[in-house]
Amino acid sequence: MASQCSSLDSRDTFPVVGSINATPVAAQVESYEGAEKKCISDVRRTFCLFVTFDLLFITLLWIIELNVNGGIQDQLKKEVLEYDYHKSFFDIFILAAFRFTVLILAYAVCRLRHWWAIAITTAITSGFLIAKVIISKLLSQGAFGYLLPIISFILAWIETWFLDFKVLPQEANDENRYITIHSAADTAPLIHPGPLSDGQFYSPPESVADSDEELDDKHDIEKPLV
């Protein structure tokens, strides 16, 4: 009877252990599946926000420069309609809009997982700004002649660093972790211990001391009869 009770208890215990071990794995798989269903990851969304900030910040600085140098309408006519490579800041704004368009299309719409798109935009930005600073006369136009090229150059390289060292490695790690957790969830039911049979439980053999005591009791009972 004791062996049967112990076998029943063991049968009730092992499935519970298996379910406890499987619960965290299933929860992690569900969390990663939810992340996979998102249109874009959190770190990539942060990158796209920074690219948008790049465009807006350069636009704001250019508008301030237009106001400082004599009014927006007159300066727009001078820098856009009468564009001069040596004196105009309009091309720096166009360069920021170019970066924004390419990077948003590549990493937000197409969701690329390679650095080639930002490598192209950063190379074009760096080459254009270095050539413009050397050839043009922006440095003779006050603070904005220094500010706009330097800030545009720095923002382009920050975007490159953020994508190459933050976005792509983190997404690769998340994908590898998801694959590992998913494979663990698939193999987890195979390694759970099954129910134990009754034959695996046995009572220990009676000791010699117990058998000697039983013999003495029998002799004590038989003596009055003799």
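The count begins at 1 with the first shown residue.
For all residues, glycine too, the Cβ spot is worked out from N, Cα and C.
Annotation source TrEMBL lists domain 'MENTAL' at 40-211.
Remote same-chain residues near the transmembrane segment (47-68) are listed as 40, 75-76, 79, 89-90, 92-93, 96-97, 99-100, 103-104, 107-108, 142, 144, 147-148, 151-152, 155-156, 158-159, 162-163, 166-167 (criterion: CB distance under 8 Å, separation of at least six residues from the stretch ends). Positions annotated as transmembrane segment by TrEMBL: 47-68 (among others).
For the transmembrane segment (88-108), the residues of the chain that approach it from at least six positions outside its boundaries are 40, 44, 47-48, 51-52, 54-55, 58-59, 62, 65, 78-80, 117-118, 120-121, 124-125, 128-129, 132, 138, 144, 148-149, 152, 156, 159, 163, 167, judged by C-beta separation under 8 angstroms. Taken from TrEMBL, the feature transmembrane segment covers 88-108 (among others).
The transmembrane segment feature in TrEMBL is assigned to 115-135 (among others).
TrEMBL lists 141-158 (among others) with the feature transmembrane segment.
The region 'Disordered' annotation in TrEMBL covers 192-226.
Residues or ranges marked as compositional bias 'Basic and acidic residues' by TrEMBL: 216-226.
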With Cβ-Cβ distances below 8 Å as the criterion, list the same-chain residues six or more beyond the ends of the transmembrane segment (115-135) that contact it, or say none. 85-86, 91-92, 95, 98-99, 102-103, 106-107, 149, 152-153, 156-157, 159-160, 163-164, 168
